[in-house]
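Colleague: One structure follows; several queries about it will come next.
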Amino acid sequence: MKQETKSHVGGLSEELLSRYSGPCPRYTSYPTADRFHALNGIEPWAALQDIRSLSLYVHIPFCRSLCYFCACNKVITHQYGLASSYLDHVLQEAQWYRDKVANVPVTQLHLGGGTPTFLSDSDMRRLMAGLSEIFELHPGEGVEYSIEADPRTLELETLDTLRELGFNRLSLGVQDFDIEVQRSINRICSADQVTELTVAARERGFESISYDLIYGLPKQNLSSLHRTLNKVLDLQPDRIALYHYAHLPHRFKAQRLIDTDLIPSSTEKVAMQLAAVEHLGKAGYEFLGMDHFARPGDELAKAAHAGMLQRNFQGYTLMPADALVGLGASAISYSRDGYWQNLHRLKEYTQAIGEGKSAVCRGWLMDDEDRLRQWVISELMCRLRLDKRLVEQRIGVPFTEYFSEELARLQPMFDDGLIYQDSENIIVTDEGRWFVRNVAAAFDKYLHSQQTDAKYSRVL
Ligand code: SF4
């Protein structure tokens, strides 16, 4: 990795960066998934009997080639039979939920991976038909069907199939348009491919097209990022997710193929992030949460204005449901009572399901304290503020009394201008937004009371 240089980056001082840019959870859940443990007879799915709406997630782990930056649970293969057989197991797993969620409308469906569009069109139809037999799927107005797609392999015919099946949101993994960067991560994808798919998806009536971009990749620099952003802006996606590349080669084997010397330094990465926010902001995109952007009319932007932004394992989202059922290897589900996660490895998952067993291997049972902190962290991450009166209504004692330790942890952030408070709210400042994970972490009971082997990604 490159040497850090002493500088002031976009108004963030070296002191702030050294104090707050280190490893910290991303809070796609609370408690964080590294805390999950064997359930030993505990059944957090029992609360499914009380729900009135459901999110459904299906994990399709297959990809045709390995991207070196990848941190997803995926299987690189050219044997299509693996995917077809996996689908049988997913549909078998889905049967387990038949009675538990009978008559509950699915308000949000997401296919993630891996590469969900690895599935053939006929298997995509088979998946949706199988799910429809078990879950209350009613695609159409007000229901969000989204899918992650790899622009290198997505066919126009598949777009037709997806629309026909009710998908209305498409997320394209763009990452970066620069050929040198693409070579260094083993993911060559031309701007023409992305352009063709974007135009075709719009013609077919996809309501929202989202691009995933990454900064901090090997060989990236400020000018290559600007060129990528200019191409992105030509195509005007409705949403952009701009993720920070977290280089964790001890955790993700694929990342060992990346030449560490080519990765921009933390200072350069911060400069890229700040420049990207400015670039996208000038082009009219709204900055949501800590890493999402949306055009002003997009539902995600509207949800943010209405204080309805949510955060889940896919990042920022809208359309909250009472529970999430995740199907497939490593998928996580949650209900009011807690979380449960499937076996991670494809072989273990298919073996368990094939033997008629549950694929659930670990999870977490929530208590009232967890639920309170889950809500507090969600408010900070999604709304960038915390209404202390609402907290007091829930706990029945003064905020300062209940959260005295947390306020002590927050004090340096007050002193550094990352947050401020009035009589009603704790508010994250523009500068504090970069470090909102640190602000949320002050309320993470387990981070401060229990050891973990987890290696969190850096904040910046
Ligand atoms: S980045 Fe996406 S396409 Fe590439 S290996 Fe990972 S999951 Fe597969």
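Quick reminder: no glycine exception, Cβ is built from N, Cα and C everywhere.
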Colleague: Pick the one from Ala33, Ala246, Ala271, Ala275 that TrEMBL also lists for the S-adenosyl-L-methionine 2 site with Phe69, Cys70, Ala71, Gly114, Thr115, Gln175, Arg187, Asp212.
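Modeller: Candidate listed by TrEMBL for the same site: Ala246.
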Colleague: Suppose a student reads TrEMBL and sees Tyr57, Gly113, Glu148 listed for S-adenosyl-L-methionine 1. Which of Ile332, Ile353, Ile377 should they find annotated at that same site?
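Modeller: The one candidate that TrEMBL places in that S-adenosyl-L-methionine 1 site: Ile332.
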Colleague: Whose Cβ lies within 8 Å of the mean position of the Cβ atoms of Cys63, Cys67, Cys70, the [4Fe-4S] cluster site, other than those residues?
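Modeller: For the [4Fe-4S] cluster site, the extra neighbours are Ser65, Leu66, Tyr68, Phe69, Cys72, Lys74, Ile76, Thr115, Arg187, Ala254.
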Colleague: Going by a 10 angstroms cut-off between Cβ atoms, which of the binding-site residues Tyr57, Phe69 has the sparsest surroundings?
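Modeller: Minimum Cβ neighbour count within 10 Å, taken over the binding-site residues Tyr57, Phe69, occurs at Tyr57.
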Colleague: Filter the binding-site residues Tyr57, Cys63, Glu148, Ile332 down to those with CB closer than 6 A to an atom of ligand 1; keep them in sequence order.
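Modeller: So the answer is Cys63.
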Colleague: Of the binding-site residues listed here (Tyr57, Cys63, Cys67, Cys70, Ile332), which is spatially closest to Thr115 (S-adenosyl-L-methionine 2 binding site) when Cα positions are compared?
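Modeller: Comparing Cα positions, the candidate nearest Thr115 (S-adenosyl-L-methionine 2 binding site) turns out to be Cys63.
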Colleague: List the binding-site residues among Gly113, Ala246, Ile332 whose C-alpha is within 10 Å of the C-alpha of Cys63 ([4Fe-4S] cluster binding site), in sequence order, or say none.
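Modeller: Cα within 10 Å of Cys63 ([4Fe-4S] cluster binding site): Gly113.
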